[in-house]
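Following: one structure in structure tokens, then a few remarks.
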Amino acid sequence: MSTSLYGVIALAETAIGLLLMVRLAIGPTISDRIVALNTLSTQAALAVLFFAAFADRTIYLDVALWLASFSYLGAIVWARYLERGLL
Amino acid sequence: MKTVAFLVTAGIGLAFSLSGAVGILRMPDLYSRIQCSSKTVTMGALPALIALVVGEGIDSGYASRALLIAVLLLVVNPTASHALARAAYKSGVPMWSGAVRDEVAGREDSQRRREQDCAGPE
Amino acid sequence: MTLFWTLDYLVLALIVIGTVLVVRLRNLNGAVMALSAVGTMLSLIFVVLGAPDDAHSEVVVGAIALPVLYLVAIGKARTDVAGGGEMQEEGESHHDGD
């Protein structure tokens with residue numbers, strides 16, 4: 001297994017973020033942007049995972065774990081803000 | 001053999017992730033976009049994580065974190081999508097004009113009244 | 001090595017796009033959301049450049065805590081404004097004080 005293959009996959013997962021950034025820019029309602037942001041966070045977690053395999057450092061994997069769990073927290077916060085407002 | 005399995009699973013994951021992103025970009029409606037965000041992106045993430053497990057071996061440090069993230073995504077992603085769709089429906093985001101029916105429309109009043117009964121002082 | 005720099009410049013391009021969105025979006029909530037996207041991409045570039053500890057703190061602070069603080073500030077400031085005017089999108093007028 002060549003490590004450059006991992007780099008190519010990390011690159012592709014990041015390039016998907018460009019499409020999501022377009023939806024983040026033009027989203028007609030506020031919820032469209034939340035959907036794009038949540039998906040962008042998931043793609044960033046996948047890119048960090050494959051970049052960790054590409055760079056051969058195990059310690060980068062924890063960042064992916066934090067990204068995956070904190071994207072959930074962000075989505076819950078935004079949903080609560082939409083539903084009744086914070087505070 | 002391992003390379004072929006890695007390429008097949010990673011290709012499936014990348015194809016699903018790309019189709020999910022194109023769906024988020026092209027779907028006419030918020031609820032359709034939430035569907036793309038929930039199901040298709042989870043289906044795109046899981047084969048990619050399995051590809052990492054296949055490529056690095058099941059007993060490496062990568063596999064444990066990848067499987068943990070897979071379980072986390074399986075639990076967390078539908079929950080977040082459900083909360084988001086519920087909040088969007090309650091805040092009155094319009095449906096697509098070609099949408100066929102709204103299953104929750106009749107229950108909205110009773111649901112809201114029940115929540116007002118259950119809601120404590122804040 | 002050129003693959004590494006391609007990934008680097010791609011993430012940099014995403015950061016620049018997000019930052020331009022923060023400045024250019026007319027909707028306040030959308031601008032805060034673009035700020036959260038910038039935080040996520042900034043944590044990704046910290047990982048790419050080899051600083052995972054900064055990436056940890058950037059995930060917590062830049063992607064979650066800072067947008068939540070901005071949301072609280074916007075929610076507190078906007079209760080005084082009668083009707084959002086052009087700052088408002090459809091489907092977010094219910095908890096403003098209208």
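Keep in mind that glycine also has a Cβ here, set from the backbone N, Cα and C atoms.
What TrEMBL says about this one:
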- C:6-23: transmembrane segment (TRANSMEM)
- C:13-77: domain 'MrpA C-terminal/MbhD' (DOMAIN)
- C:30-49: transmembrane segment (TRANSMEM)
- C:55-73: transmembrane segment (TRANSMEM)
Check your understanding: When the domain 'MrpA C-terminal/MbhD' (C:13-77) is classified with DSSP, how many of its residues are helical, how many are strand and how many are coil?
Key -> 59 helix, 0 strand, 6 coil
Exercise for review: Express the predicted model's confidence over the domain 'MrpA C-terminal/MbhD' (C:13-77) as a mean pLDDT, rounded to an integer.
Suggested key: 91
